[in-house]
Every structure is written in C-alpha cells, then in structure tokens.
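What follows is one structure encoded as structure tokens, with my remarks underneath.
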C-alpha cells in the first residue's frame, strides 16, 4: 500500500515550515491582543469608554472628519448621564481627547479581526491548517467576535442610568481578553514545540501551575472590580488600609457577601490579599521548578516568572501609593498579561508526552489507496 496526501503542503520542506508560519501568525495576534488590553486600560483610566454612544462595527471605523460631524458626536455624548452629572461644561477639544482612545480601542479590535481572519483563510486554502486545528482557530475567531459584542454590552450599561459601566461587565470583557490571549499563546506554543522535553516532577508541578493560573485569573477579575467601582482610590496606603488591615467599612452592605463584590473597601481588600496569595503560590512554583532540576528552558521561564511576579506586586503597590497614576496602572495591567503568558508557557513545558500520531499537526490525514478490484 502507498500513502496519498490531500495536502498541498505535503512536501517535507513546506510541511516543516507550515507549523512555524502559523505559530508566528498566532503570536502576532497574541501581541495585538496584548496591545488591545493596554489600550483598553488607558481608555478606562482616562474615562473615555462612554465617549462613543453607538455601535457601528463597519461604518464606525472612521472618526468624525468635519466640524459638523464632531459636533454631532459631542451632542450624543451630552445626552448621557456621565456628561450631565460628571462632565458638564466639557469643551469640544476635551471631548476629542477622550473620543480618540475609545475610537482607537474599537479600531484596534477591528484590525485584530482582519489580521486573524485573512491569514487563517490563506493558510486553510493552502492546506497548512489540519482538520484538527481548523475548529480551534475558527473557535478563536468566534471568541473575538463575541468579545466585540461583550465590549458593546459593557458600554451599553453606562449609557442610560449609570455614570459608568457595570463592573461585572467590565470584568467579563477583561476576562475574555485574557482568555483569548492565553489561548492564542497555547496554540502557538503547541505548534512551535509540539513535543517539549520531559521534565522531572512534571506530574507534581503541573497541578501547582494550574492552581497558580487559576488564582491569577481570580485576582485579575477582582482587579477589574477594583477598576470598575474606583476602589483603587479608597485606600492609598500599604500594607494597612486606614491604619488597619481590615477596615470596619468593609461590611456595611447587606447581604454580607455583597460587600466582596460591590463595597469599595472590601473589593480592594480582596484584590490585595488575593494578589499576595497568588504571588506566594507562583514563587513557590518557580522554586520547585528550580529545586527539582528542571531543564534549561523550564528554569529560564521559572526565573522570568519569578521576576515578573515580584515586579507585578511592586507595580500594584506603586499604583495604590500613587493614587492610581495612569502610567503605573496601565503597566500593572500589562504585568498581569506577562504573568499569564509565562504561566501558559510553564504549563506547556510541563505537559505530559502525547501519543505519537501518524500525521503531522498541520498536514492533512493521509489516505490509503484502495486495491484495484480483481
């Protein structure tokens, strides 16, 4: 019997190059998602998110191009509670400043969609995406579209009765961004390094790494709560809050559990101590990776992860002490993305060996010629 491949990329050189090309494209997309999260942080911190009051996925790509168009957009903004209660008297030039960040945030999201979709179609047509990988990539594209809808769902919450967006919807929007970013990295790493070298004590370190990533995710969600209800301004000292570890005003709302989600003092308290616990778990993971004699790459990633963890804690404290200075707060969100990426990389290096397959990840499954009938 002989094998016959349906893939145009079946030649040895193209089949070897295809995974790398697809992986590089996915890493570019992950980098764009990273930049998107940074732009989103600036948009939120400058209170620019409600400056565009309509959702026009196609025609909204262009900003106002004439004075009349600017005045029309400004008039729409003047109808919402944020302007009427908090920004009354804002000039047109000031409005243009906040409009820029929200417009850039939305434009960058559109660009990510284009940069993902067009190469995806190109790789697929050329046979460089396997049947196993195609649904994963299609799912990532759909997640990106869902993220755009979630963004508008979040903005909508601040256009009628509120002067800001729902912090629950903000957390959903931020969490989805981190999920897409982590998924892009995971798939890219799987293509670049489909069979990482076995690591000593990987079976013990893997649950530890998953626990660290889960804790980081919960800490990020509470960070979004802190941002959404301006809890970062409640107490700007460290480690005490108003001279005590746990201020009494943490428990002023009923039912009691609601304080953990909506009370500014309690939300900041939870984020602070979740961050401490997460940092300790991550640093413990890094120490264990070194102590068990992991390979050079695992040790290198663990060292970077430890350094990034210490830096992130420092950025969080500095953000508090600076009363949420925008450059520091933006860097703090970037630090969370770096930690996420390094933990995804760590988990990739710790993953169990896979059963060998007959087909390579990015080539079509070979067909077997049927014997001619006698």
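Each Cβ is built from the backbone N, Cα and C atoms, and glycine gets one as well.
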Range annotated as transmembrane segment - as stated in Swiss-Prot, picked from 107-127, 233-253: 107-127
Per Swiss-Prot record, range annotated transmembrane segment [choices 76-96, 265-285]: 265-285
Outside the transmembrane segment (209-229), six or more residues from its ends: residues with CB under 8 Å to it: 44-45, 164-168, 170-171, 174-175, 178, 261-262, 264, 267-268, 270-271, 274-275, 277-278, 281-282, 285, 332-333, 336, 339-340, 343-344, 346-347, 350
Packing count at residue 332 (heme binding site) (other Cβ atoms within 10 Å of its Cβ): 24
For residue 332 (heme binding site), the three-state class that DSSP assigns: helix
